[in-house]
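Swiss-Prot lists 1-32, 53-151, 196-228, 395-543, 555-619 with the feature region 'Disordered'. Sequence annotations record features per position, and here Swiss-Prot assigns compositional bias 'Basic and acidic residues' to 8-26, 67-82, 92-106, 196-212, 448-461, 469-486, 525-543. Marked as compositional bias 'Acidic residues' by Swiss-Prot: 114-143. According to Swiss-Prot, the coiled coil annotation covers 418-476, on the basis of sequence analysis. For 438-447, 575-587, 609-619, the entry in Swiss-Prot reads compositional bias 'Basic residues'. Sequence annotations record features per position, and here Swiss-Prot assigns compositional bias 'Polar residues' to 497-506.
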Amino acid sequence: MAKNNEGTGKDSIDKRFARIESDPKFRAPKQKNLKIKLDDRFSKQDLEYKRKAKVDKYGRRIGTAPGKEEKDFEKYFTKESSESAAEESDKEDSSVAKLDRARGEVPADYVSSSDEESSSESEADSDDATAESDEEVEIEEEKPESGDPSKVLAVVNLDWDHVKCADLLVAFNSFVPEGGKIERVAIYPSEFGKERMQREEVEGPPREVFKSKKDKKAKQDDDDEIGLKDLYEQGDAEKDYDSKALRRYQLERLRYYYAVVYCNNVATAEAIYQNCDGTEYESTANMFDLRYVPEGVTFDDEPREECASVPKDYKPVQFSTSALQHSQVKLTWDETPADRVEMAKRAFSQKEIEDMDFKAYLASDSEESEADDNSEAKNKLRSLVSSVKVADKPLFADESDEEEADVQITFTPGLEGGEAKEEDAEEENILEKLKRKEKERRKKRKERVKELKKQAEEEKKSSKKEKHASKSESEQKSENDKRAELELLMMEDDENSQSINSSAHFNMNDILRSEKERGKKSKYQKKDKIVEDDFKPDLNDPRFKEVFEDRDFAIDPSQPEFKETAAMKQILQERRKRSSKSASKKRKTDEQSDSAMDSAGDLKGLVAKLKRKGKKPKL
């Protein structure tokens, strides 16, 4: 049903539907009339909905979110006592509304002006307290006046746990005009930050950050259920931090430091101020808050860090400040610095280790260690003093009788040298130790390179000597062969002239190598290894007839003792030839004997036939 006008009066409604306003059939029922009314007959235990455990199966406390049973109970049931109390309050409101103030009638809770003033003061105090506890802490919205422009800028309210001088220098260099330059950037601790950091070194974060015992007890007494899925989504299911106090503390940490940007002129500072003030630094939720520093203001505090140029290996740090953009704030008081974590994960080269400043990552010595060092130094001095003697007596001995004697001082250089070495070793820091080890490693490497060079030169010399030696060996071998031939020619006949000479006339290994080389292709043959074998066996010698004919002297080429030489090939060939001749000769004799036997058999058969014929009777 569309309405012609936006008014709610009866005149604006169509006359055809005017009955809807007065007819009770079209009146919507009230929500409280739909609920089931419960009287006093129902006890508290009967009305009590199902209770759940206070802790989960892991022992963690369950949160206080209202359960489904409680919501259903409030939706469908109501008690008559609560309903009657609500009706009485409605009647009182109506009676108060009917009071005639012109006749001097006043409500029962009327308060005089004097009482109202005193009560208003107390209420204002309580309201301020509650408002102060409930309000969310924010960075100051009303920024002070910028003042006269100067060439020095101050940067405040940033996450100084992650923001470094190099980050600010890179960000501001993008807005430097032509001819402008940023001389340096320094980060100083504020007075507020020094006081708070000094307190945190002893006490840690303020106690307001943590929940009070009353709040914890109230949490423990709560019986409302929470689903197992919600429990896993929440993680620990309960945190010991007060979220508002923690947010306030994290925002206060932004004021622990401030940065000072030194520009070469006022125009550069103005350009940076106009372009960067109020803008977000990357996507970290940190807004640049810039202020002009008046001329002549000096900073006596020692800066946390300084930067005049962008490092070569600069890499921006990816971070976000949870207190500025998240509902769940993270406590960063004991968080490990990001650059230290990155340094622990990286694998540095040797050059980076030498150039690194380890003092930024090493903790300072405590007073106790300094006291121990002082006591050790005193003991060393005392031992050195006691070693000085005069006439075989200690120089500083307590003697009442002073006797004149020739002064003779004895020193112990060995002890002094040892003590000095120990002092040098103790005074050497980590960086010097690394440099010393690197020098030793380089020295060893150079010595090793020298040794390798010497070995290479010696090998070259030895190879040259071997070449000359190989030539001389071949010449010497030829001379030895000639000498052996002469010895054989000049050898006298003696008793053992018929036996084999002790100096053999051939070398089987040389013959085998020569045969192997002959089997290769001509381009791969080594001519110096080929030996001309002039030995020719006498195959017709009757003394060696059985070697070629008797099977007891058969030669098996598959045996490993077989040596395939030219003479051996001739012997095998002769043996095959003779074996084939003997086989053919034997075959002929066998054929002749067979033919003779056949002829003799025929003759005997003829004689037997004639005898049989002669024995037959005549008719």
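Even glycines carry a Cβ here, placed using N, Cα and C.
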Remote residues contacting the compositional bias 'Basic and acidic residues' (448-461) - C-beta distance under 8 A, at least 6 residues beyond either end: none
The compositional bias 'Basic and acidic residues' (196-212), counted residue by residue under DSSP: helix, strand, coil: 11 helix, 1 strand, 5 coil
Counts of helix, strand and coil residues, the compositional bias 'Basic residues' (575-587), according to DSSP: 13 helix, 0 strand, 0 coil
For the compositional bias 'Basic residues' (438-447), the number of residues DSSP places in helix, strand and coil: 10 helix, 0 strand, 0 coil
Per-residue pLDDT averaged over the coiled coil (418-476), given as an integer: 76
Helix, strand and coil residues within the compositional bias 'Basic and acidic residues' (448-461) as assigned by DSSP: 14 helix, 0 strand, 0 coil
